[in-house]
């Protein structure tokens with residue numbers, strides 16, 4: 001049996017194997033999905049087809065819903081978290097050289113950012129079950145020796161809330177710990193889940209370089225909005241000069257909502273501008289981004305791929321999901337990430353950046369060409385690495401990546 005399902009203006013045709021005497025249904029009474037029907041003459045959809053239909057239903061719901069309120073709250077939360085992080089980083093860079101190898105400043109900023117985002121989102125949607133998939137938990141902060149650090153984090157969070165006019169709110173240390181621990185959710189394919197990396201690019205943060213507050217929302221396993229607050233990313237292109245934008249203006253906020261495109265504005269609140277990935281079709285004209293730290297991605301493999309494509313420009317190496325933001329506005333054409341063998345990518349390291357690029361016309365996949373799947377919990381199940389580019393370059397990039405990986409493997 002063939003079933004046609006309308007999704008927006010499209011019709012999806014599903015081949016449904018016939019199963020005699022088995023009724024498959026969405027069952028509110030929690031009886032087994034594959035329960036036997038009392039009517040053996042009824043034909044029904046197989047379980048695999050039911051799964052397909054649920055996926056179609058999820059895509060249709062995401063495409064038809066507006067997430068304007070959630071996006072406004074996400075922008076507010078990420079911007080406030082960026083303000084807190086900037087304050088910590090400024091103090092760090094003004095301190096003596098020896099202290100810059102100390103991890104405590106980034107610890108304070110990391111926890112403070114997560115507490116602030118968690119508190120703002122839960123406050124904005126008090127009647128909705130709150131689920132946050134995030135990097136940190138409060139275990140270490142609850143230890144006796146962390147008392148001073150917790151005091152500083154609580155102080156910073158309250159100071160940041162005051163800068164946004166929330167003078168009547170004062171969080172206790174326990175309030176801050178609870179807000180941090182909201183991030184223990186496992187995510188998954190059902191319901192809505194916020195996804196947060198409170199400071200993506202901690203080494204860049206410590207160097208005074210690039211980092212990002214990366215916040216996304218999943219709905220039925222699909223990324224439906226994303227915000228990247230990049231306090232140190234120039235508002236102008238980092239790879240080409242734009243005379244219309246001041247070269248010394250720093251601090252970029254990228255945001256995207258499914259079906260609505262990607263926009264950029266300055267962190268100090270300039271009007272939003274719609275952005276789009278580069279339209280370059282010739283790989284030789286492309287420039288590519290990769291991780292600043294060689295430990296985060298194989299620079300040798302990236303170089304081999306670039307040579308195979310004929311790319312002439314040297315790689316642009318920057319920390320964090322700021323790369324996704326820069327790619328979304330056309331600063332470069334390709335982003336490649338090949339972590340060490342056995343490393344499992346976390347969803348908070350890519351969710352916000354993924355939709356920022358996708359809504360700007362880009363495409364992301366693993367090296368086998370599979371789309372990124374954020375519905376499997378806290379981790380992405382990937383084949384080898386992640387590649388991001390525009391629609392026109394993806395076929396040649398994918399081919400070069402796969403060939404290069406085979407060459408490296410055969411040389412071992």
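Cβ coordinates come from backbone N, Cα and C, glycine included.
Caution: TrEMBL annotation is automatic and unverified by curators.
Summarising the annotation, TrEMBL assigns Mg(2+) binding site to 135, 197, 199, 200, 349.
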Using the CB centroid of 135, 197, 199, 200, 349 as the Mg(2+) site centre, which other residues of the same chain sit with their CB within 8 A?
196, 198, 201, 202, 212, 214, 320, 321, 346, 348
Per residue, counting other C-beta atoms within 10 angstroms of the C-beta, which of the binding-site residues 135, 197, 200, 349 reaches the highest number?
197
Near residue 199 (Mg(2+) binding site), which residues of its own chain have a C-beta under 8 A away, given they sit six or more steps off in sequence?
85, 106, 109, 110, 113, 205, 211, 212, 213
